[in-house]
Each structure stands twice: as C-alpha cells, then as structure tokens.
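The glutathione binding site annotation in Swiss-Prot covers 7, 8, 43, 44, 45, 46, 50, 59, 60, 72, 73. What Swiss-Prot lists as substrate binding site is 116. The domain 'GST N-terminal' annotation in Swiss-Prot covers 2-88. Taken from Swiss-Prot, the feature domain 'GST C-terminal' applies to 90-208. What Swiss-Prot lists as phosphothreonine is 34.
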C-alpha cells in the first residue's frame with residue numbers, strides 16, 4: 001500500500017519531504033487540503049479530519065505508512081531516510097546531519113516569520129542585511145564537499161536545498177557570492193529522479209506559504 005502524505009496544497013514544509021519521496025522512488029499518494037480565502041482562511045477541510053486520523057500530535061504535514069502515523073516534518077524526513085540509509089553512517093556524519101537538520105529549520109522559520117508578519121515591509125530590509133552572513137555559514141559548512149555531510153547524499157541535503165532555494169526566490173542574488181552553494185543547487189536539481197519530478201505535473205513549486213502569509217502566498 002502506498003504511503004499517504006497529508007498537507008496543505010502548497011510547497012511549505014512538505015517540499016523536502018516530497019523531494020525525498022521522489023528521490024527514493026517511494027510509493028506514495030498525497031492528501032492535499034485547501035485553505036479558504038481571506039478574511040476567514042477557512043481550514044475546515046483539515047479540521048474536519050484532524051482528530052480522526054489516529055495521529056499522536058495531530059498536525060500538518062503527516063505521513064501514514066501502514067500502522068506508522070507520523071507528524072513533524074523532520075520526523076517524517078528521518079523516517080523515510082532511515083529506510084534508505086540516508087541519515088549518515090559515521091559519528092562525524094551523523095553530527096553534521098544533526099547540526100544541519102536544526103540549522104536549516106531555524107533559518108527556514110526565520111524567513112517564514114518575516115513572510116507571515118503584517119510588518120513584512122519593515123522587517124524585510126533587516127532580514128536582507130543579515131542574509132549574506134547566513135549564506136556564508138552554509139557555504140563554509142559545505143566547503144568543497146559534494147554534499148553537506150560528505151561524499152554521499154543524506155536527507156539534510158533535501159532540507160538545505162529547500163532553504164537555499166527559498167532564499168534564492170526571496171532574494172535572487174543572495175547566492176551569487178557563494179559558488180559552492182550554486183553548484184550544490186545545480187548538482188541537486190540535476191539528480192535524475194529530482195529532475196524528472198521537477199518536470200512532472202506532480203511538482204508543486206508554489207505557493208511557498210499559506211494564504212495567511214504576506215509574501216509567498218501565490
């Protein structure tokens with residue numbers, strides 16, 4: 001039986017998960033929920049099912065794989081990654097996985113806070129000011145490695161791709177000073193399964209966020 005991935009009909013927190021499902025050639029189907037328009041942003045499609053799915057912590061996204069019912073986007077990523085040995089092998093690799101997993105989520109959340117804020121126009125210049133340093137840290141962490149953990153791809157490369165791509169959309173020039181990050185993105189998008197997915201009708205590059213967001217909601 002295919003796994004079921006449940007999420008809003010947006011890119012959001014499901015982007016890295018969808019990419020990983022495709023890369024691993026996993027059998028899955030999507031349950032997409034639609035949020036209503038302003039001013040109410042009706043969530044009844046999701047709320048009507050929220051407590052009926054047997055989830056311990058009902059939330060979106062969720063993944064149901066037989067008796068396994070998982071929420072929290074990084075827990076979902078790790079679950080898929082463990083099936084395919086994509087969590088790092090040595091202690092050093094696992095440390096790098098853990099660091100980047102959390103760093104990518106922090107940075108992604110920082111951008112989301114700005115994009116969802118009613119004060120978006122005030123917050124954007126300050127965020128852009130700190131962006132070069134943020135990208136520099138990613139660049140230094142990657143170094144000359146082909147993937148963020150080393151020679152082999154791991155699930156955190158999917159998270160890193162997502163967060164770097166989000167920032168590239170937010171500020172198209174933000175990676176210009178970091179050729180290794182641009183190479184990483186090209187390398188990732190050039191993977192056979194990823195490239196095929198991005199050309200398919202299943203691919204959902206936008207909207208980046210829900211309709212509640214000030215930026216990235218279309």
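Glycine is no exception: its Cβ is also placed from the backbone N, Cα and C atoms.
Since we're looking at a predicted model, the values are computed, not measured.
Here the features listed in Swiss-Prot are placed on the structure.
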{"residue": "7", "record": "glutathione binding site", "DSSP class": "strand"}
{"residue": "34", "record": "phosphothreonine", "DSSP class": "coil"}
{"residue": "43", "record": "glutathione binding site", "DSSP class": "coil"}
{"residue": "50", "record": "glutathione binding site", "DSSP class": "coil"}
{"residue": "60", "record": "glutathione binding site", "DSSP class": "coil"}
{"residue": "73", "record": "glutathione binding site", "DSSP class": "helix"}
{"residue": "116", "record": "substrate binding site", "DSSP class": "helix"}
Any idea of the Cα spread of the glutathione site, 7, 8, 43, 44, 45, 46, 50, 59, 60, 72, 73, as a max distance in Å? 21
What mean pLDDT does the predicted model reach across the domain 'GST N-terminal' (2-88)? 98
Count the Cβ atoms, other than its own, that fall within 10 Å of the Cβ of residue 60 (glutathione binding site), considering every protein chain shown. 20
Would you kindly give the Cα-Cα distance separating the residue listed as 'phosphothreonine' and residue 50 (glutathione binding site), rounded to the nearest Å? 14
I need the least crowded one of these binding-site residues (7, 116), counting other C-beta atoms within 10 angstroms of each C-beta. 116
Ranked by how many other Cβ atoms lie within 10 Å of their Cβ, the binding-site residues 45, 73 are led by 73
